[in-house]
Amino acid sequence: MKNVVVVGSQWGDEGKGKIVDWLSDQADVVIRFQGGHNAGHTLVIDGTTYKLRLLPSGIVRKNKISIIGNGVVVDPWALLEEIEEIKSKGVEVNVDNFIISESANLILPFHREMDEIREDAAGKGKIGTTRRGIGPAYEDKVGRRSIRVMDLRSETNLDHRLETVLLHHNAIRKGLGKKIFEKDKLKEELLKIAPEILKFSQPVWLRIDEFKKQKKRILFEGAQGILLDVDHGTYPFVTSSNTVASAAATGTGCGPNSIHYVLGITKAYTTRVGEGPFPTELTDDIGELLGSRGKEFGTVTSRKRRCGWFDGVLVRQTIKISGIDGIALTKLDVLDELDEIKMCVEYELDGKKMDYLPAAVEDQLKIKPIYKTFPGWKSSTQGIKNIENLPENAKNYIYALEDFIGTKVSSISTSPEREDTILLENPFEV
């Protein structure tokens, strides 16, 4: 029995959906452990497209148990809407195949509004959030004033918790000249949907312990990417949760010894959505080509992604931070038309060479990438399923990438289709 954690090794949008879908087919249990509905997966199964934001990818598979862990912040209205959306496509979501941690924190309307207010006020200094209330909800969690799923069970307790959290938020809203939130109205709205949320609520840590004893395969599904981690990412241009593999333990209530393999999803080039440092960003025709061929638009926001060359220095760093055992290299086929391909192998900062990304954002913004150039292969890799059938220059690029980052490539994706994958190592069977 092996348990696998999937994380993004860059800034998110690495193509986790396809890989997670393939792994979830082999897993018994699939668990989301951090983030909210600010990041999404697009799955295509038997010609049907599913866009998931909160629900784990296992939900579209029969005989799988899908779980939202305590580390996730949940917008209850968005969750119910997503459930109805996939139900309309024939997917079953019931108390037998879906569980929400009773300790998960809720995103409420004033969180969304606060997110928007801050982003609008920040001007050029904005973070580039999805304006869905994720950050403010995590702030309330850390501030010990949050409302959790379990609080929906008691009207008296909910009233008290709302009073506490609104004391904080309404004080800020008054200072900003905004209308205050009415406690009774919000309580009424929450009590109205409470039964639909509570029927899925369980102590997730206890269920995971049972699954481990039953030798079930567990897939921990990360959202976003390591470079957006609140501690280890390009702070302050990060998300509000820990996106590294170790967050799977804290975000679900299982010990770190429950993790046996960490798979880092890694794009063959680099993208970033929103603001923040991006050493290898391309603003020329090549950047546009990568964006066009890679269809680089966000699943949740439809925002255009910034594109650039593969940054080996960054990926090598995230591999060390997250304890990645192997990478799934995605979107190799996007590079098919290029005459030459570059890989960042070092940085220069104020005339000095560096082999890692410094922590200070001021330094990150000044960094100059140093590249190694590889000849392109100028032929299609799309649909190839055996590494020996790849063009020689494509293989050379992969081997050089693997050697530089110091971690094996466990699979290579050669198109958005699930079947178009070169499998070199199955994380569940290592």
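Cβ atoms here come from the backbone N, Cα and C positions, even for glycine.
Going by what Swiss-Prot states, the IMP site holds Asp13, Glu14, Gly15, Lys16, Asn38, Ala39, Gly40, His41, Thr130, Arg144, Gln224, Thr239, and the candidate of Arg293, Arg303 recorded there is Arg303.
Of all the recorded positions listed here (Asp13, Thr130, Gln224), Asp13 has the Cα closest to the Cα of Thr42 (GTP binding site). Across the structure, Gln224 (IMP binding site) and Gly12 (GTP binding site) are spaced 4 Å apart at their Cα atoms. The shortest Cα-Cα distance between Lys18 (GTP binding site) and any of the recorded positions His41, Thr130, Lys304, Arg305 is the one to His41. In three-state terms derived from DSSP, Arg305 (substrate binding site) belongs to neither a helical nor a strand segment and is classed as coil. Between the alpha carbons (Cα) of Arg303 (IMP binding site) and Asp13 (active site, proton acceptor) lies a span of roughly 12 Å. Counting only the Cα atoms, the space from Asn38 (IMP binding site) to Lys304 (substrate binding site) is about 15 angstrom. For the recorded site, Asn38 (IMP binding site), the DSSP three-state label reads coil.
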